[in-house]
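Asks: A single structure is presented below for examination.
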Amino acid sequence: MAGIVVVFDFDKTIIDRDSDNWVVDGLGFTDLFNQLLPTMPWNTLMDTMTKEMHAQGTTIDDIVEVLKRSPIHPRIVPAIKSAHALGCELRIVSDANMFFIETILEHLGVKGCFSELNSNPSFVDEEGRLRIFPYHDFTKTSHGCNLCPPNMCKGVIIERIQAGLEGKKKIIYLGDGSGDYCPSLRLGEGDYVMPRKNFPVWELICRNPMLIKADIHEWSDGEDLERVLLDIINMVSVEHNSAPLFSVDCKLQTISTSNHALPHALPVPQ
């Protein structure tokens, strides 16, 4: 559906854990992480943790292997592939980091489905250490939003995306964390927000749903995400074309398409 931009958060939305915590715990650095957590911003802490990991002999390959084991609901990859096959433009806005996100998306075989990844920049330096930097350099200026962490305001990113949209494109925004509340407030009438039920963004929205101009459609797990997302895409297609793109049964066991060939559900790579 050429008129839809689907914007995903990453941690606890595409994968089912926080990728930073997953790597720290998986490599045995939890105690040090918890010790340093009260002393510095999260983004700075993760760069400090990769320094400590490197100093203690952890390699990039070690980090990659942990990332490849990141837990993900088996319906997430089919949901991404289906939305992409239907012509939606897919983007990610995440407070994780580019190296973690790209590594996991490549492992899952869906990196090519996304037209844009917005996250904290990261790279492997000449010594083989992963460096992680803030998306917004808060040491120089503030992004001016008191709802968001100092290194990233997702609302600012959403406004940039909105400014670049042509015609009457609609945005579907999916997220779980408190950092997803600000971009939800920036969505307009005709857009859709999909907060994960019983997670921080859902709780914030529930306090005063009238502040949200977009239609609110909650989800709880990967199967729910797939069903709700494809239902919204179908709904928008009816508004534009007066005909559904596809029909979905109640358990999403089968998807029959109309003039669109969707990929078969694939198992998550091991």
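Here the Cβ of each residue, glycine as well, is placed from N, Cα and C on the backbone.
The annotation Mg(2+) binding site is assigned in TrEMBL to ASP9, ASP11, ASP176. Feature annotation from TrEMBL assigns active site, nucleophile to ASP9. Marked as active site, proton donor by TrEMBL: ASP11. Among the features that TrEMBL reports, substrate binding site is placed at ASP20, ASP95.
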Asks: Near the Mg(2+) site, what residues other than ASP9, ASP11, ASP176 in the same chain have a C-beta no further than 8 Å from the centroid of the listed C-beta atoms?
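Replies: So the extra residues in range turn out to be PHE10, LYS12, THR13, ILE14, ASP18, SER94, GLY175, GLY177, ASP180, ARG196, PHE199.
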Asks: Which of ASP9, ASP11, ASP20, ASP95, ASP176 has the fewest nearby Cβ atoms, counting only those within 10 Å, among these binding-site residues?
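Replies: It is ASP20 that, of the binding-site residues ASP9, ASP11, ASP20, ASP95, ASP176, has the fewest other Cβ atoms within 10 Å.
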Asks: What's the CA to CA span in angstrom from ASP176 (Mg(2+) binding site) over to ASP95 (substrate binding site)?
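Replies: Cα-Cα, rounded: 12 Å.
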Asks: Give me the Cα-Cα distance between ASP9 (Mg(2+) binding site) and ASP95 (substrate binding site), rounded to a whole Å.
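Replies: Here the two Cα atoms lie 8 Å apart.
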Asks: Roughly how many Å lie between the Cα atoms of ASP11 (Mg(2+) binding site) and ASP95 (substrate binding site), rounded to a whole value?
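Replies: Given the Cα positions, ASP11 (Mg(2+) binding site) is 8 Å from ASP95 (substrate binding site).
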